[in-house]
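These notes are about the structure you will find just below.
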């Protein structure tokens with residue numbers, strides 16, 4: 001019934017609209033403005049241009065200030081602070097360009113509206129002006145490029161030797177986390193070894209994999225460089241942590257990496273924000289299927305001591321899965337050809353934990 | 001007016017069209033032929049006149065109307081997913097009659113949500129803003145503005161539309177599949193797009209997407225080759241490249257971009273078809289999915305991204321450059337002033353075209369590509385701001401001390417400049433690899449490109465339709481409705497996309513079915529409602545345009561030959577030009593198209609076909625020499 005009423009109202013509105021439109025045309029024929037080239041509407045529109053500039057500009061300024069507090073995710077990494085400065089500096093530069101050009105556009109539209117008897121100024125080109133407004137933006141862009149390039153090289157450069165290594169593996173629809181254990185070496189993994197009991201496809205015959213452990217939460221120490229080794233075992237995913245200003249795709253068949261240094265522990269951030277429930281969140285940021293929007297992990301930044309304790313208390317994957325270890329041993333003894341080895345596991349050898357400067 | 005061939009004459013028509021370029025004599029011959037045809041008007045079968053027509057004007061209108069159809073579909077899809085984003089906890093039970101099984105217990109299916117955003121992007125980028133915009137106006141305006149009877153090959157031109165039509169049919173049918181249409185984003189990154197196990201949309205939906213896109217590319221290439229050939233070979237007497245309207249320069253360069261970049265997408269599509277159907281491993285490697293390890297090894301998903309964006313980035317210029325050209329034309333005509341810096345405008349178009357081929361990897365800064373490439377592409381990308389800036393400054397200088405008539409087309413052109421500035425400037429943030437680490441794939445990107453290429457290109461499209469409607473249909477569109485349409489759309493677009501930047505700066509990822517799972521993103525609940533409301537409102541405002549458009553075709557005020565007092569050649573044709581465009585000889589061209597408000601001239605415009613000898617009082621010194 002209510003649907004019928006809604007449809008009836010809509011139809012009625014359309015009819016009213018049609019009648020008004022017809023009326024408008026008839027009255028304009030009657031008043032003669034129907035065939036007139038330039039009528040009242042020209043100056044009305046010119047004024048509206050100015051109104052739009054002032055009204056729209058004020059609304060934009062107001063809503064921007066209103067939301068400014070919400071739009072900056074609290075920063076918790078060293079390079080994040082640099083990026084933040086660069087971001088708002090660039091915003092200021094483009095903000096100036098925005099304000100100048102939009103103001104000129106609408107002011108000109110208002111000021112140079114049609115006037116009976118006036119002629120437009122025949123001004124077809126001026127090479128000097130063209131050169132000026134080519135060179136000034138070029139210089140501004142050059143400085144932005146330079147700043148961006150310097151920061152980019154630093155951020156994407158090689159990770160410090162003593163970085164804490166964490167391996168993240170994306171799968172539909174959650175994140176798997178693996179740590180190298182006491183030997184600081186991630187064991188070899190192979191996607192053909194993946195099954196229900198071995199999510200990562202860890203090769204348990206590899207010596208380096210014996211003390212690897214897997215977790216659901218990601219723990220990292222504060223003030224220490226952390227190297228994320230990122231993999232995917234099915235489709236593309238992306239590791240995205242807005243608070244750390246970190247983003248890197250997880251690509252099946254091609255390990256990627258990103259390193260950063262957390263500056264604020266979870267507890268400190270909770271105190272700072274006055275929000276005891278705050279957590280650093282890791283979101284998947286490359287569409288990966290049905291539950292893409294819920295593919296989330298939590299990152300805990302610990303004080304170095306807490307991190308050491310947490311690390312020490314973890315049980316290795318091998319010790320938690322004795323049956324799996326047994327079946328790997330059996331296969332090795334039976335002489336099943338060893339599956340092709342993914343090179344990545346042995347690529348980087350992190351320095352021993354003892355050298356790490358906690 | 002007349003059309004050139006009834007059914008028996010179809011092949012003769014092809015010959016005539018082919019003969020146009022070879023000898024000037026055939027111009028007159030053909031002209032008389034067209035003239036003669038007027039008397040046989042009644043014998044023409046409607047099928048050859050309106051459906052399988054080889055007349056570039058009819059083909060242009062076919063592209064336009066198909067484009068409008070697609071825009072309604074694309075807009076409807078966006079309203080659906082904006083409902084979901086604005087009210088993720090709300091019920092959509094009332095949509096069950098339309099969406100059927102895609103609503104489960106009042107909730108939109110998340111996979112269908114992904115299909116919605118995928119199809120919205122595909123439809124808007126390719127079917128509306130490439131075919132509907134460039135297809136319409138390149139077809140309609142190139143022969144009219146360069147002074148040609150028709151395209152170089154009318155037959156190929158007709159094929160171009162019908163391949164597009166075929167592609168449209170396939171894409172449209174895919175919306176009704178049991179497993180849903182393609183759902184891996186309009187960029188169809190594999191492995192998601194390659195594996196039906198990963199998402200049902202990658203089954204039949206993706207197959208149809210790929211087939212449809214293959215036909216679409218064929219259509220683009222047939223059209224593009226034709227546009228380029230026509231501009232190079234069929235310009236009328238006196239129409240040198242430096243006398244071409246900026247519209248033609250824009251269409252010309254756009255066609256070149258299309259010809260060079262669409263084949264690369266074709267190769268990507270082809271390789272993806274191989275991976276999907278024939279067991280190759282171009283883009284697949286080391287995949288364990290649905291409880292099974294796949295045999296594919298050695299492929300690279302990043303390779304696909306390179307191939308895709310080698311088209312994908314020029315594509316955004318394919319979308320925006322025709323709009324730039326038309327806006328330049330409309331601004332100059334209605335400011336009654338020459339376009340400022342005609343040569344700089346051409347130079348910046350060429351600069352943008354060249355650069356557009358070497359910036360593609362800025363879409364891939366964080367996809368695992370070598371960081372060194374990131375530095376290179378950041379450099380090249382940010383440079384493109386310079387020619388873009390030149391264009392904006394030249395448009396502003398064109399308005400300066402003009403005598404502006406606010407026709408609807410003019411308002412949309414001013415709106416275009418405003419949106420192009422707003423959206424273009426945030427590109428400086430995204431082109432910076434360092435800042436893109438944070439902004440990549442967030443709503444900041446969505447806001448950026450919806451302003452700069454989405455809305456701006458739509459504004460160019462509207463400006464074009466309002467401006468050239470009289471030449472298309474011989475009637476005027478209603479100006480009052482046009483004003484209402486403009487102001488609602490202009491305000492609507494800003495209300496939607498400015499706040500979207502805030503959400504993006506906070507890091508809200510795009511293609512998220514709901515933001516409720518994350519504390520960081522939930523704080524924007526109100527803003528998301530606001531954006532959704534504004535978006536749906538702005539979408540419904542478009543029906544004013546659609547009403548105006550169809551109403552005016554039949555009931556609009558009758559147009560005169562040159563209602564805007566414009567200089568370009570299309571306004572020297574009859575009110576509704578027939579096939580062949582000019583009943584008599586094609587006019588020769590003597591001057592550039594922007595002699596508006598020239599000092600000393602009587603009228604405030606001097607059309608291109610007026611020789612200098614007739615304008616002694618207003619000639620500049622060097623022009624006087626040409627006159628003598």
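Just so it is clear, glycine is given a Cβ too, placed from its N, Cα and C backbone atoms.
The compositional bias 'Basic and acidic residues' annotation in TrEMBL covers B:27-38.
Taken from TrEMBL, the feature domain 'Cytochrome oxidase subunit I profile' applies to B:42-590.
Annotated region 'Disordered' per TrEMBL: B:1-38, in sequence order.
The transmembrane segment feature in TrEMBL is assigned to B:63-85 (among others).
Residues 60-61, 63-64, 66-68, 70-71, 73-74, 77-78, 80-81, 84, 99, 102, 160-161, 164, 168, 171, 175, 180-188, 199, 201, 205, 209, 213, 216, 219-220, 223, 247, 251, 254, 258, 315, 318-319, 322-323, 326, 453-454, 457-458, 460-461, 464, 468, 510-511, 513 of the same chain lie 6 or more positions beyond the ends of the transmembrane segment (B:112-137) yet place their CB under 8 Å from a CB of it. For B:112-137 (among others), the entry in TrEMBL reads transmembrane segment.
The transmembrane segment annotation in TrEMBL covers B:158-177 (among others).
With a cut-off of 8 Å between Cβ atoms, the residues of this chain six or more beyond the transmembrane segment (B:209-234) that come close are 20-21, 122, 126-127, 130-131, 135, 138-139, 142-143, 146-149, 151-153, 156-157, 159-161, 163-164, 166-168, 170-171, 174, 181-182, 188, 244, 248, 251-252, 254-256, 258-259, 262-263, 265-266, 269-270, 272-273, 276. Under the heading transmembrane segment, TrEMBL lists B:209-234 (among others).
Here the transmembrane segment (B:246-274) has Cβ contacts under 8 Å with residues 134, 137-138, 141-142, 145-146, 188, 190, 193-194, 210, 213-214, 217, 220-221, 223-225, 227-228, 231, 280, 282-283, 304, 307-308, 310-312, 314-315, 317-318, 321-322, 324-326, 328-329, 339, 342, 345-346, 349-350, 353, 356-357, 568 of the same chain, all six or more residues outside its ends. Feature annotation from TrEMBL assigns transmembrane segment to B:246-274 (among others).
As annotated by TrEMBL, transmembrane segment applies to B:307-328 (among others).
The transmembrane segment annotation in TrEMBL covers B:340-360 (among others). Long-range contacts of the transmembrane segment (B:340-360) within the same chain, counting only residues at least 6 positions beyond its ends with a Cβ under 8 Å from a Cβ of the stretch, are 242, 246, 249-250, 253, 256-257, 260-261, 306, 309-310, 312-314, 316-317, 321, 324-325, 328, 377, 380-381, 383-384, 386-388, 390-391, 394-395, 397-398, 400, 431, 592, 594.
Under the heading transmembrane segment, TrEMBL lists B:372-397 (among others). Long-range Cβ contacts of the transmembrane segment (B:372-397) within its own chain (Cβ-Cβ under 8 Å, at least 6 residues beyond either end) map to 324, 327-328, 331, 339-341, 344-345, 347-349, 351-352, 355-356, 358-362, 365, 417, 420-421, 424, 427-428, 431-433.
Summarising the annotation, TrEMBL assigns transmembrane segment to B:409-431 (among others).
Under the heading transmembrane segment, TrEMBL lists B:443-469 (among others).
According to TrEMBL, the feature transmembrane segment maps to B:481-502 (among others). Listed as Cβ neighbours of the transmembrane segment (B:481-502) (distance under 8 Å, sequence separation of 6 or more from its ends, same chain) are residues 408, 411-412, 415, 418-419, 422-423, 426, 443-444, 446-448, 450-451, 455, 459, 462, 466, 524, 527, 530-531, 534-535, 537-538, 541-542, 544-545, 547-548.
If you look at the transmembrane segment (B:530-551), the same-chain residues 6 or more away from its ends with a CB under 8 A from one of its CBs are 68, 71-72, 75-76, 78-79, 82-83, 85-87, 462, 465, 469, 477-478, 481-482, 484-485, 488-489, 492-493, 495-496, 499-500, 503. Residues or ranges marked as transmembrane segment in TrEMBL: B:530-551 (among others).
The list of residues near the transmembrane segment (B:63-85) in space but at least 6 beyond its ends in sequence, with Cβ under 8 angstroms from a Cβ of it, reads 92, 95, 99, 108, 113, 116-117, 119-120, 123-124, 127-128, 131-133, 135-136, 139-140, 161, 164-165, 168, 172, 175, 461, 465, 472, 513-515, 528, 531-532, 535-536, 539, 542, 546, 549. Touching of the transmembrane segment (B:443-469) and the transmembrane segment (B:158-177) is ruled out by the presence of fewer than three CB pairs under 8 A, sequence neighbours closer than 6 excluded. Touching of the transmembrane segment (B:307-328) and the transmembrane segment (B:158-177) is ruled out by the presence of fewer than three CB pairs under 8 A, sequence neighbours closer than 6 excluded. Listed as Cβ neighbours of the transmembrane segment (B:409-431) (distance under 8 Å, sequence separation of 6 or more from its ends, same chain) are residues 320, 323-324, 326-327, 330-331, 334-335, 359, 362, 378, 381-382, 384-385, 388, 392, 395-396, 399, 439-440, 444-445, 447-453, 455-456, 459-460, 462-464, 466-467, 482-483, 486, 489-490, 493-494, 497-498, 501. Mean per-residue pLDDT, taken over the domain 'Cytochrome oxidase subunit I profile' (B:42-590), amounts to 94.
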